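What follows is one structure encoded as C-alpha cells, with my remarks underneath.
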C-alpha cells in the first residue's frame, strides 16, 4: 500500500467521522493496524510521508535518561499537531483555529516539553502558520487541502511510531538506553522481535517480561482553568464557542492491552475507554484469574481451555446486573445456546499472527486481507497491536475451536 492509498484511506476516515459529528484525529482501528504493520516492516515509509520522522524523534529523545516518558510526551505532541492540521482541513472557516498562542496552553505544556522551538515552527509552517509576534502563530494564506491532509497523516504515522518504539521498550524490559541505539535498531529491523533481539545482543540484556504501558487521554479543546493542571491543554487558548458546530473529539484511547477486563468481552466496542466501575463489572472470573496467575508469555491454550471448561456459565450471554450468581431463565430451561467463538480467517497462514479482529463476523484477519473490505462497511473492527496481544487472540481462537470440536460442545 503506497502513500497515496494511505492518504485516501485517511481522508475517508476523517470525513466519515465528521459526518458522525466528530472532528478529531484519526482513530480508525483497521487503518491504524494496517499502517502499524507497514511501518513496522518498513521504517522508510516515513520518508514517503515526508513527516521528518528521524529529525523529530532524534530531537525528542536525544539526551533523555528514560525513553518511555519521552515517547509518551512525543506521542501527545504528534497528536496535538495532527489535531491542528485536521482542524484546518475539516473546519477551515473556524476562526479560532487560525491562531495558536505560544505562551500558554498546549503549546507550552505539551509541544515545547517534547520538541525544540525550531522544529515546532517548521511543523506549523507546513500547515500555513507563520509567527505573527513572539506570542502567536497565525494562518495568513491557508495551504492546499491535500497538503494539510499529508501533514495530518504524517503526524498520525509519527504517533504510531512512538507506539512501536514503546512496544520495543516494553518487550526489551528497560527504557533506560541511548536514544541513538534505539533508533538505529528500529531503522535496521523488519519487526518488533528482531529489533528487541538486536538491542538485547547489543546491550547484553536478558529477556524480560513486558511491563504495562499507559497513555493518558488528551483533550485539546478546553482552555486551562485555575483548578486544572497541564493534562488537558488547548492550543488556541479558548474553548470552541459555536454551539451549532460538530462536537470535537479525540481518538486517543487506552492501548488495547490495557483493556484486559474487556479484552474478550462479548459486544465490547473497540477503543472504548473503561471507567473503574466498568472494569470491575466487566471482568469475568476466568480471565481475571488468568491475568493474576499467568504471565502473557506463559499463557497456553490448554490452560485457558481448562479454565473455560471449569466455569461453563461464563461462556454464555452476560448475566443480569445485580444478580451475578443467578442464571437467566432461558438458561435454566432447555438446551444452552452455543456460545459464539472466534475463528482464524483463511487469510492467516499457519503460525501467522492476526492484525485485526472483527467482532461482528468473529474472525481474526491479517492486515492485508481482502475480506476486510466487507468488514469495514459496518462491522466492529479492533486493531491488535503488539505480538503479545496478537498471540493471545490467536490462542483464544484456538481454544474456541477446541471447545466447539470437543465432545458435548454441541447440543
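Backbone N, Cα and C atoms are what each Cβ position is placed from, and that goes for glycine too.
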- request: Have a look at 250-280, 281-311, 312-342 and point to the one annotated region 'Disordered' in TrEMBL.
  value: 312-342
- request: Count up the helix, strand and coil residues in the domain 'Spermatogenesis-associated protein 2 PUB-like' (70-195) according to DSSP, in that order.
  value: 82 helix, 12 strand, 32 coil
Message: Please compute the mean pLDDT of the model over the domain 'Spermatogenesis-associated protein 2 PUB-like' (70-195).
response: 94
